[in-house]
Amino acid sequence: MVKAVATVRGDSKISGTVTFEQSEENSPTTITWNITGNDANAERGMHVHQFGDNTNGCTSAGPHFNPHGQTHGAPTDEVRHVGDLGNFKTDAQGNATGSVQDSHIKLIGPLSVIGRTVVVHSGTDDLGKGENEESKKTGNAGTRPACGVIGIAA
């Protein structure tokens, strides 16, 4: 079992943790989040980005992790960036907890997300279904108020 964690924070009040667990290379990865400080009753996009670099804030993380050169999509779409995690929903206090399994996200093997960055976005991800070119790149998910590099967990 490989476990990894990202401690998410940034220039905003948003903070939290995103954990990843994978038992073997061909098994799905369980992604669990506990994020606070968002807008109340909102959906916010979350993605794994290419680089584990936060030297210039979350902007340094680069584009979505996309080793197969696909267009942006929903986590359940076959055609999507590997890093497309979709949206999480916040409660009346702006907090979000949840868990999902994803067969594209890997901790083991050449496409591991360890060392890359999880970004929490300021808007709702349109899952590549928007009517403009940006939708196919970013899902129109907005700015990057919080992020964290994915590291190996104990």
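Any Cβ shown, glycine's included, is placed from N, Cα and C.
Features as listed in Swiss-Prot:
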BINDING   H47, H49, H64, H121  Cu cation binding site
DISULFID  C58-C147  disulfide bond
BINDING   H64, H72, H81, D84  Zn(2+) binding site
REGION    124-144  region 'Disordered'
COMPBIAS  124-137  compositional bias 'Basic and acidic residues'
BINDING   R144  substrate binding site
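For the recorded site, H121 (Cu cation binding site), the DSSP three-state label reads coil.
Only H47, H49, H64, from the recorded positions H47, H49, H64, H121, R144, C147, place their Cα within 10 Å of the Cα belonging to D84 (Zn(2+) binding site). Around the Cβ of C147 (disulfide bond), a 10 Å sphere holds 27 further Cβ atoms from the protein chains shown. Checking the recorded positions (C58, H72, H81, R144, C147) against H64 (Cu cation binding site) with a 10 Å Cα-Cα cut-off leaves H72, H81. Other than H64, H72, H81, D84, the residues of this chain whose Cβ falls within 8 Å of the Cβ centroid of the Zn(2+) site are, in sequence order, H47, F65, N66, Q70, T71, G73, R80, V82, G83, G128, K137, T138, G139.
Cα distances from H72 (Zn(2+) binding site) to the recorded positions H47, C58, H121, R144, C147 are smallest for H47. Counting only residues at least six positions away in the same chain, the Cβ atoms of H47, H64, F65, N66, Q70, T71, H72, G73 sit under 8 Å from the Cβ of H81 (Zn(2+) binding site). Straight-line distance linking the Cα atoms of H121 (Cu cation binding site) and R144 (substrate binding site), rounded to a whole number, equals 5 Å. Counting in whole angstrom, C147 (disulfide bond) lies 10 from H49 (Cu cation binding site) by their C-alpha atoms. Each residue contributes its Cα atom, and for H49 (Cu cation binding site) and the residue listed as 'substrate binding site' those atoms are 11 Å apart. Counting Cβ atoms from all protein chains shown, H47 (Cu cation binding site) has 29 others lying within 10 Å of its own Cβ.
Note: C58 (disulfide bond) has non-local neighbours G10, T117, V119, R144, P145, A146, C147, i.e. same-chain residues 6+ apart with C-beta under 8 A of its own C-beta.
Note on the binding-site residues H49, R144: the fewest other CB atoms within 10 A surround the CB of R144. For the recorded site, R144 (substrate binding site), the DSSP three-state label reads coil.
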